[in-house]
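**Q** My questions will all concern the structure given below.
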Amino acid sequence: MAEDVSSTAPSPRGCADGRDADPTEEQMAQTQRNDQDQFECQELLECQVQVGAPDEEEEEEEDSGLVAEAEAVAAGWMLHFLCLSLCRAFRDGRSEDFRRTRNSAEAIIHGLSSLTACQLRTIYICQFLTRIAAGKTLDAQFENDERITPLESALMIWGSIEKEHDKLHEEIQNLIKIPAIAVCMENGNFKEAEEVFERIFGDPNSHMPFKSKLLMIISQKDTFHSFFQHFSYYHMMEKIKSYVNYVLSEKSSTFLMKAAAKVVESKRTRTITSQDKPSGNDVEMETEANLDTRKSVSDKQSAVTESSEGTVSLLRSHKNLFLSKLQHGTQQQDLNKKERRVGTPQSTKKKKESRRATESRIPVSKSQPVTPEKHRARKRQAWLWEEDKNLRSGVRKYGEGNWSKILLHYKFNNRTSVMLKDRWRTMKKLKLISSDSE
């Protein structure tokens, strides 16, 4: 998916360095967004007044199509809000918050049956930050091609986000290219550094003054050359954070943030103490309503995704893009092919159970740039898609129970025979044995 993704519509944003691409069009677009947000806020306030038990006749005549559309709109609000939270966690270096928000955004994307151009761009931003966060983890795989490093994948996604912007786009693009090579050299992978160089700078039509110098540095294996100081990892992160600040200022005007701000302002003006029971009841009612809505969104959209090939491809393609390692090798180009089917659809029940089973999976990375803290050693290691595939192949060849033989003939990541046995039992319970596409 990280290859040249055909955008469904031009980005409605101005230049990322603060300049307006087209003042007239930008102002018109902003006015339309503000009008739409104001309309949505008014609709929300009117709906709050009407909250109550529905009449039996209304309940019987409920328009399922209207409900599905309303849930899709709400999911879009949550997606934009989670993108904001992800940006803040990335900027502030809060690794645990980044991971939790990433997983929440992933869950929202699971339920999207279609994408607007704005939602697609929002997803690209989340994917880009996820790759950057895993930039120094060379074994983190985001593409079908196992050779592609996280920063290379981020570079390809970046080309899909900001192509129309010149200055900031070019600066970040160059600042990603050099660290992508430097990270390999820092890990002693000089052969891999040469391969990354060829993939990034191999275009004969590209004219960059430092290409020959960089190639010489790689051949000399000079990891600490002064050249890398001008294109350091730190400078790359700082420049990306400046872009993140731009996204935060842009998306702070989204509907959900405006509605939340109005609620906060209203509560402040009432000057109610923390021990005021009516206020507490109001908050509880709002929370319960939100939880009910969220549950409805999850149930309805899961039903929609099961019957739509395009939705299934979106679900499968975006899931691995948020995790630090690729779990479904055939999913990456789904969005590139405009939501065409690549994987096999999974049942709604299996999706929900699988999602619960993977919620606690945390990528292990000693040098993840967003993580100032060390991961706890007690965190369980996530099972990769390749490991599940090898386990299924091993059982087919040697039979269930021959775990030692399967472990000997297939590649697993520091697993034991007991782990294979437990994983097989889990896969059978979650119905992952024959439904996953290989």
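Note that Cβ sites are derived from N, Cα and C of the backbone, with glycine treated the same way.
Annotations per Swiss-Prot:
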type     : residues : note
COMPBIAS : 1-10     : compositional bias 'Polar residues'
CROSSLNK : LYS213   : SUMO2 cross-link
COMPBIAS : 299-311  : compositional bias 'Polar residues'
CROSSLNK : LYS325   : SUMO2 cross-link
MOTIF    : 337-356  : motif 'Nuclear localization signal'
CROSSLNK : LYS366   : SUMO2 cross-link
DOMAIN   : 375-432  : domain 'HTH myb-type'
DNA_BIND : 403-428  : DNA-binding region
**Q** Run through the Cβ atoms and count how many others sit within 10 Å of the one on LYS213 (SUMO2 cross-link).
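**A** By my count, 12.
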**Q** The DNA-binding region (403-428): mean pLDDT?
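**A** The predicted confidence over the DNA-binding region (403-428), as a mean pLDDT, is 86.
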**Q** Using DSSP, what is the helix/strand/coil residue split across the DNA-binding region (403-428)?
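**A** The counts are 19 helix, 0 strand, 7 coil.
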